[in-house]
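Engineer: Quick one: structure below, then a few questions.
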Amino acid sequence: MSGTVVAVPPRVARALDLLNFSLADVRDGLGPYLSIYLLLIHDWDQASIGFVMAVGGIAAIVAQTPIGALVDRTTAKRALVVAGAVLVTAAAVAMPLFAGLYSISVLQAVTGIASSVFAPALAAITLGAVGPQFFARRIGRNEAFNHAGNASAAGATGALAYFFGPVVVFWVLAGMALISVLATLRIPPDAVDHDLARGMDHAPGEPHPQPSRFTVLAHNRELVIFGAAVVAFHFANAAMLPLVGELLALHNRDEGTALMSSCIVAAQVVMVPVAYVVGTRADAWGRKPIFLVGFAVLTARGFLYTLSDNSYWLVGVQLLDGIGAGIFGALFPLVVQDVTHGTGHFNISLGAVTTATGIGAALSNLVAGWIVVVAGYDAAFMSLGALAGAGFLLYLVAMPETVDSDVRVRSRPTLGGK
């Protein structure tokens, strides 16, 4: 995965690979592992677990758009990544020591704010390093390494949890965060073109729009529709894995964390090739048909979970998450870049749409936790699946294809092979 795929020196490409690999576990947070830890070790109920999960999401929602604006303006993008990783590490170390509802809520808020740095900063560093011509392929590679990192961290967590219990999730997260700091520092400061990183597209000396004006968000119809679609996607998706983790833990109390790791590894192994293929073919195939496949798979997954609570079935269905999430992760920054290219508003727009994903995720955990308490797990899964179906229809009807037709023509293989 090198050579023509990235237009950067090998050292920078390798640093980006390691950064995406090590940040995988960090930028996603503790997620379902925290649910299992609180359920098994501290006997929390599902509603309380859903509440603290939502707190982290809400904190990220509040921080995401301002942080996107900051990433647009600053040339210290590496420092932002380092600061976020250090804060996530500190929160992960503190959670087992302060496990009350108030303490976990505060630490989840810190984690949510700190982790909101990673999506816009990584996308900006990537765009500034490779430019728009190679962005789709490099994002696919980023996501492939991200999913490989998630699978590796989950495998390590599952193995260690077998011997030391659910508390190891905090150790693994802290370790990956520290590795991400080292990877960030391996990217030379002059490797990133900060005009390209915020979505500028102009010749030297030409005037260009000022970046990060909030009014651009409300007037970009495609960006608003895409934001609504990703709210639906994450509302449907975010709570599914934590709910599966709770089911596995309830039926296998001694192996809940290890089984959750199996779920994550299974999905992440699928995501690696999916993300890479999507990144290499998104220009030729277009964004819309691929995104619709992601919505369709998510819809099916929600209903399939209700057919059995057998551990093997649940882990097997979780493989579908590898398709849906692999597609979403690779296409998400590409669509935002498509609809904001040349404006200088890439990172604030990415931050705003990431805020939409946070809204969806926070609502997902909060509402799904309440549905489980009131009506059970099957009702929660069916509700989430139905919402994914609604998102499919929204994207099908309202969202146009965003990749330029000339780009699609240039990206299609010829009869000669390339």
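The backbone N, Cα and C atoms fix where each Cβ goes, glycine too.
The feature transmembrane segment is assigned by Swiss-Prot to 51-71, 79-99, 110-130, 163-183, 224-244, 258-278, 289-309, 315-335, 356-376, 379-399, with sequence analysis given as support.
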Engineer: Go through 79-99, 163-183, 258-278, 379-399 and flag the stretch with the largest number of C-beta pairs under 8 Å relative to the transmembrane segment (224-244).
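Structural biologist: Selected stretch: 379-399, with the most Cβ pairs under 8 Å.
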Engineer: With a Cβ cut-off under 8 Å, give me the same-chain residues at least six positions beyond the ends of the transmembrane segment (258-278) that come close to it.
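Structural biologist: Sequence-remote neighbours of the transmembrane segment (258-278) are 1, 32-33, 36, 140-141, 143-144, 146-148, 150-151, 154-155, 157-159, 161-162, 241, 244-245, 248-249, 252, 290, 311, 314-316, 318-323, 325-327, 329-331.
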Engineer: Counting only pairs at least 6 apart in sequence, do the transmembrane segment (110-130) and the transmembrane segment (289-309) share 3+ Cβ pairs under 8 Å?
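Structural biologist: The answer is no, given that the two segments have fewer than 3 Cβ pairs within the 8 Å cut-off.
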Engineer: Where else in the chain does the transmembrane segment (79-99) make close Cβ contacts, counting only residues six or more beyond its ends and a cut-off under 8 Å?
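Structural biologist: Non-local partners: 19, 23, 26, 29-30, 34, 38, 41-42, 67, 70-71, 107-108, 110-111, 113-118, 121-122, 125, 167, 170, 173-174, 177-178, 180-181, 184-185.
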Engineer: Counting Cβ pairs under 8 Å to the transmembrane segment (289-309), which of 51-71, 315-335, 356-376, 379-399 comes out on top?
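Structural biologist: By the under-8 Å Cβ criterion, the transmembrane segment (289-309) pairs most with 379-399.
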